[in-house]
Amino acid sequence: MSHQSTINFIRFTFVILSLLAIYTILIPSIRKGFFQHITECEVTGKLSRSSGADARMIESFTGVPVLDIFVKALVTSFWPVINGENPALSLLGVPAVASMGVSYLLLLLEARRTRSLLSVTWRLAWVGLLQTNFSQAIILPIYCAIAFSSSKKTNGFRPIPHVTISLILCVYTGMALVALPSPAVIPDGLKQVVVAFMVPWALWVFVMVFMASYLFPIEVEKEKSRRTIYIFALVIAATTHLGALLASLLHADLGPADVFLPPLPWYVTRFPSLEEGMASFLQWDYLIASVTLFLWAVAVYLRDCDEHVDWQRFGLEVCAISVIISPAAMAVLLIWRLDEMLSRRGIAKED
């Protein structure tokens, strides 16, 4: 199979993955009661907890009623993930949020090759907002299909100053805070505020990168910057996935299937609780989004790689590593390998 045939197949797969996300996430959420459970919690103003008193929902997060509708819905839906009472959901929540930041970073690096820093961070800020408010599994395949079709074969890594520290402050610090037990360590109200702050995380990253680039301009060594960014992305993607995988293996009442494998839509007639609905939503979301990012990385690698690819070896290698360290981590490795190859090609041309 030629590179171009594989790339065309992957483009078609992006469309299928987005439709699959609608079928497995959006339609069941509407028809099988997940959104209804969210509405019921908003009406009562309480976030349920099986042990101890229910947490009271903050009535207004932004002061703008239209915005509060979206924020309250997201806080409510993520409550089973962050309240610590559902181990499977809590374990899956970490790599699911982490992979969103990793996919943002890889897409940003690819777009940055041919566009200005302001342009790519602004565009991806809106993509991030759509992913957070709807579903990463629905939005990411659509964006990858459009971005890949409109992009051209490129060469050369272009540094993005301050992006790693921006992601740490806007995404991963909040992720660590909501993972703390409540109300013993962190109050329920503060945990809700942190989730609300993280809703427009991609917009905060845009603001931080833009302001830092003008207030603290620095000369970045290309080789060091490339290594730092890819190591950061790889560590985030691999450690969060491996941590959840190992924890599920060591947990007495859980297994990897309980954490990562979503239920088939036709086997579920109705979600009996908010927790069940969120589990199905998040499992499908993480699975489809991770596969999308992996396929996008394969397509970019094959498009820009001039070397001959041994399909059997390549397929076995990437699939085996993806199972162990996650498809998102494998995507990082592929784009990193491609960048190293392009760098060597550029040096050879100069010589």
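If you go along the chain as it appears here, the first residue is 1 and each next one adds 1.
From the backbone N, Cα and C atoms, a Cβ is placed for every residue, glycine too.
Feature list (source: Swiss-Prot):
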- 7-27: transmembrane segment (TRANSMEM)
- 62-82: transmembrane segment (TRANSMEM)
- 89-109: transmembrane segment (TRANSMEM)
- 126-146: transmembrane segment (TRANSMEM)
- 160-180: transmembrane segment (TRANSMEM)
- 193-213: transmembrane segment (TRANSMEM)
- 229-249: transmembrane segment (TRANSMEM)
- 281-301: transmembrane segment (TRANSMEM)
- 316-336: transmembrane segment (TRANSMEM)
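When Cβ-Cβ distances under 8 Å to the transmembrane segment (89-109) are tallied for each of 62-82, 126-146, 160-180, 193-213, 229-249, the top count falls to 229-249. Only pairs six or more apart in sequence are counted, and the transmembrane segment (281-301) with the transmembrane segment (193-213) gives fewer than three Cβ pairs under 8 Å, not enough to call it a contact. Sequence-distant neighbours of the transmembrane segment (316-336) (same chain, 6+ residues past either end, Cβ-Cβ under 8 Å): 95, 98-99, 102-103, 106, 109-110, 226, 230, 233-234, 237-238, 240-242, 290-291, 293-294, 296-298, 300-301. Contacts between the transmembrane segment (229-249) and the transmembrane segment (126-146): absent, as fewer than 3 C-beta pairs lie under 8 angstroms at sequence separation of six or more. Most Cβ pairs within less than 8 Å of the transmembrane segment (160-180), among stretches 7-27, 62-82, 126-146, 193-213, belong to 193-213.
Contact between the transmembrane segment (7-27) and the transmembrane segment (126-146) is supported by 3 or more Cβ pairs under 8 Å, counting only residues 6 or more apart in sequence.
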